[in-house]
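Shown next, in structure tokens, is the structure this report addresses.
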Amino acid sequence: MPDAAVKYRAYPQVNIPDRTWPTKTITKAPVWCSVDLRDGNQALVDPMGHDRKARMFHLLIEMGFKEIEIGFPSASQTDFDFARWCVEEGNVPDDVSLQVLVQCRPELITRTFEALEGANRPIVHFYNSTSELQRRVVFAKDVQGIKQIAVDAAKMITDMATKAGGGYRFEYSPESFTGTELDVALEICNAVIEVVKPTPDNKLIINLPSTVEMATPNVYADQIEWMCRNLDNRENLIVSLHPHNDRGTGIAAAELALLAGADRVEGTLFGNGERTGNVDMVTMALNMFTQGVDPEIDCSNIERIKEVFEYSNQMAIGERHPYVGELVYTAFSGSHQDAINKGMKAAQVANHPVWEVPYLPIDPRDVGRSYEAIIRINSQSGKGGIAYILQQDYGLNLPRNLQVEFREDIQRITDVEGKELPSRRIYDRFIERYVTQPEGRLRFVDHHTYPDTEHKGQRIVAAEITDNGEIKRIEGRGNGPIDGFINALSHYLGIEMSVEDYSEHSLQHGSNAAAISYVETSYPGGKLFGAGINTNIVAASLEAIVSAANRVLDVKAGKA
């Protein structure tokens, strides 16, 4: 590509040696304005019909948006009809302003006011393109000609609003602001401000769009800080952002521009919009949320937001989309899973109000997601992830050494199959390998213990097992049922076995609850685990020993 690179030139920087935005932080939410129904809609392959628009409109109200751009009513009958529906039947709350877009053309402005008749404090958003490129190639006008278009529109709009009895709000956008020389953008905006004469009770929105993202986010922030310093009547202005995402940094540009002094953001849910999209307001809002700032829009049911978005836009959200994608709260990596597992346990024990879990910048429950899919198992997964799934989904608290042992078994399966293993498959494999053992040679049946009169402090264990289906009676000595039973089994099999580690826990609550026992057994050649589940904890332990013995026999027979 080196030869093609000569076609392009670097974007000019802004000379602000005393810029202040790099030392600031976002401490409050901006005014949010959704443009899903206008900018988002015009970018769709199949634009929304009335039902899809209405569902999106009501979702935006539910989420708490106070300013919603509902369309371009002078451009199509569909948008005009929807604007009238919003005004007459949309049940718009008193604190929500409908916003409509209009070009700086008299006949379109007239039609726009017809669409808004009866609306409560609507926003008339008028614009014209001011960039050097469009002045030269599209309009063939100089700066004065472009400025006059904006000034004439501002006069007509304010006059019509006065004749209609007032109650209107105004917004002006120098479209393609990022392609406009700053002094030109300032001259045109100040001319509009002079006409509109904003007041503390009716501030003018000056919207400075990154219609095409052309530079790094810091440059946009510099442009916004420069404009905020130089705009006339700044105290009676609301400086608004409208970033696009052509370079993939729309969110970063918006965040830095808020630091630079902007008050308001126009964007869409999940960033739908022309070309690579508008700024994603859900991601922006949740970025603030994870920094302890209330975003003032409700993202607590992100699955519902996703559902309406996908229905209304007929677009699917990617699996890795921040905060909402199917896989964003999921870890496959073994080291990540282990850290998450330990972090979740530490959080439960500490009961600390601050969320601190490795690899999870947000508590999934805060956006209506669950912990169930945080850890999923494939060939990259480790013992911590497998242990987490068994504990969270099935209440099994595997000892660490058993986690290591079972992970090797799961690793073999995922290496062969080359795909993710669902939670139930992992659980079924554990039960089959360590508890039920359908191919196991031995089965525990029953046992009795009584004092050993010849050896003080010891007990004799008399047990029944089956060996390939035949009842066998075995007997051993030890300081308790577990010790005595493994002694009996060792003599019966002719294999010296001993218990290295033992743990147990209940699986449910109540006096008749089942319990699971984990027994690590050593034998000449290694160590292996077994597990048993029974309402009698001693029986569960003896079943676990039989399970371990079956696995020892498999090893010696070359089956494992």
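Just so you know, the numbers here start at 1 and follow the chain as drawn.
Backbone N, Cα and C define each Cβ position, glycine as well.
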Identity of the Mg(2+)-site residue among ASN202, ASN218, ASN278 (reference: ASP39, HIS242, HIS244, source: Swiss-Prot): ASN278
Shell of the Mg(2+) site beyond ASP39, HIS242, HIS244, ASN278, same chain only (C-beta within 8 angstroms of their C-beta centre): VAL35, PRO209, SER210, THR211, PRO243, GLY250, GLU266, GLY267, THR268, GLY273, GLU274, GLY277, VAL279
DSSP three-state assignment (helix, strand or coil) for HIS242 (Mg(2+) binding site): strand
Secondary structure content of the region 'Regulatory domain' (437-560), with strand meaning DSSP E or B: 33 helix, 55 strand, 36 coil
Cβ neighbour count within 10 Å of HIS244 (Mg(2+) binding site): 24
